[in-house]
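**Student:** Following this message is one structure expressed as structure tokens.
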Amino acid sequence: MEKGASSFNIESTLKKNVDDDGRIKRTGTVVTASAHIITAVIGSGVLSLAWAIAQLGWVAGPAVLAVFSFITYFTSTLLADCYRSPDPVTGKRNYTYMDVVHANLGGRRVQLCGLAQYGNLVGITIGYTITASISMVAVKRSNCFHNKGHNVKCRTSNYPFMVIFACIQIILSQIPNFHNLSWLSIVATIMSLVYSSIGLGLSIARAIGGPHAKTSITGTTVGVDVTQSEKIWRAFQAIGDIAFAYAYSTILVEIQDTLKSSPPENKVMKRASLVGILTTTIFYVMCGCIGYAAFGNVAPGNFLTGFGFYEPFWLVDIANVCIAIHLIGAYQVFCQPIFGFVETWCSEKWPENTFINREIFMGIPCFGTTYCINLFRLTWRTVNEK
């Protein structure tokens, strides 16, 4: 009788810990999904929006920001309804972006979309590695300028900081999947809001107390600031920068797959997308417009790492450290779909291979929890970061 009761309790516990399709129970909420979105969308590129506004001017700049924020939200709501198919509420779950493509398009388009998605994700992670190292170099250069003067050539190599970044990612890459990333995304979101606020505050101070900056309705002036060809080229580049600043569709489905099944995932995801995009747009408009007011038509590409500000050097240092921490978290948000794709493919290709499929559970002292180690995951993710 006791054995039967024990067996029933174990079975009951297992049912509580899994979803209706047998996968691990999801615990994501609007808060965690919004954190993932803000982590993915707000990058250090927010600090270059003053330059983008300078190329487009007071009218076109904010208008382009508003247009792309609306397009991003609208397309996000469409994609959120594709998470389950054929019915967006009761249909079969599509766990990844590629599953959505396969369910709705199929054929050769699956391979083409896969190439586009994973190529995009790899490019973003490379860019984040470089940008994080630039931010850390900026800390050393800021201290050098403070101690030796602004005209000194303070040269520092990026490579040691790239190595440090990679070592941190080797550790964080052992986080099994997207479902366990919530805490990291929340930390990264806080960091992004901190450095955006610092940049915003410094811009306000400069706009109020600094030298008068030349601005105009149409942005940079042909014949004064730029040539005709440069004006056209930079305008398109600025539009591209703003469009890229909102891109997160390649990981939207993976974020949605972390949400609890009730209330319906598509409704929660639409709410999270609204919160995330509204938050980022507010920061984008403020940083872009106030940054343009502060620097005018000569706004730098990045007013923290590009040394639009030298003082207070300690505040600039804090902002650059926050950028680096944010990019550490954002890197994982964009890397997890790549990890998941490779590991799922290998598991399906070699289902009997214990090296690939065996999960080893280890207890973590003092925390009262267990950590799941997979030797293939450990090896492949470590090699990938190198």
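Each residue, glycine too, has its Cβ placed from N, Cα and C.
Among the features that TrEMBL reports, domain 'Amino acid transporter transmembrane' is placed at 26-357. Taken from TrEMBL, the feature transmembrane segment applies to 33-54, 60-83, 158-175, 181-205, 272-293, 313-334.
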**Student:** So which of 60-83, 158-175, 272-293 has the most C-beta pairs under 8 Å when paired with the transmembrane segment (313-334)?
**Tutor:** 158-175
**Student:** Given a Cβ distance threshold of under 8 angstroms, which distant residues of the chain, six or more beyond its ends, lie next to the transmembrane segment (272-293)?
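**Tutor:** Tertiary neighbours of the transmembrane segment (272-293) are 30, 33-34, 37-38, 41-42, 46-47, 49-50, 52-54, 58, 61-62, 65-66, 69, 72-73, 76-77, 80, 193, 196, 199-200, 203-204, 207, 213, 215, 242, 245-246, 252, 255, 299, 303.
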